Ligand code: 5GP
């Protein structure tokens, strides 16, 4: 019996307000064989967020111990808090055969590209800055100055989209979800992923 082929790793990044989290949760509901890696963070939980489901919420000392112990595939400081992808969590999911999504920022994406060159990176873009500004205003939580700052940060992040393998423009949720699904499906048909099958086929007697 051949070992299970480890799942693929997908990096998904976007500027805040692009709909990345909504898209990823729709994708997970539609595909039982895709999982998201649960990150560690030092930021406080928001209402409704649960430890071990949305994030592992840890203190700064614990996070820094994990950095020193080489426990992270990547980690970054985003808006003043640490965020990181644990190596063991990712490997466990991959070895169970799941395709794994890393929903991480552009700094983390750059580190994963170096450490795991076979990871496939996808950047989600808004259709325009006007739409992005509208979505940020629609949240109703931020002042005009904060929105201005977020738009400037968004521009910097969007510039990094040129380093990603695939681009999905979120004009409309179902269409963007279908495009993401197509990328994930196609990646399962690469020759490298089908190697075990090819070998088994060629070892058949006839
Ligand atoms: P939030 O605090 O809104 O959940 O996330 C803020 C930002 O941190 C988002 O861009 C999110 O993708 C990113 N992020 C979440 N987890 C990780 C992680 O493990 N590593 C990195 N580098 N960024 C992360």
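For all residues, glycine too, the Cβ spot is worked out from N, Cα and C.
Here is what TrEMBL says about this protein:
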- 7-185: domain 'Guanylate kinase-like' (DOMAIN)
- 14, 15, 16, 17, 18, 19, 20, 21: ATP binding site (BINDING)
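The predicted model assigns the domain 'Guanylate kinase-like' (7-185) a mean pLDDT of 95.
Of all the binding-site residues given, namely 16, 18, 21, the one with the smallest number of surrounding CB atoms inside 10 A is 21. Other residues of the chain with a Cβ within 8 Å of the Cβ centroid of 14, 15, 16, 17, 18, 19, 20, 21, the ATP site, are 124, 126, 170. A C-beta separation below 8 Å, combined with a sequence spacing of at least six in one chain, links residue 17 (ATP binding site) to 126, 132, 135, 136, 139, 150, 154.
Sequence-distant contacts of residue 15 (ATP binding site), defined as residues of its own chain at least six apart whose C-beta falls under 8 angstroms from its C-beta, comprise 126, 132, 153, 154, 155, 157, 158. DSSP gives residue 16 (ATP binding site) a coil state; it is part of no helix or strand.
Checking the binding-site residues 15, 17, 18, 19, 20 for a CB within less than 6 Å of any atom of ligand 1 leaves no residue at all. For residue 20 (ATP binding site), the same-chain residues lying six or more positions away in sequence with a CB closer than 8 A to its CB are 12, 13, 14, 103, 124.
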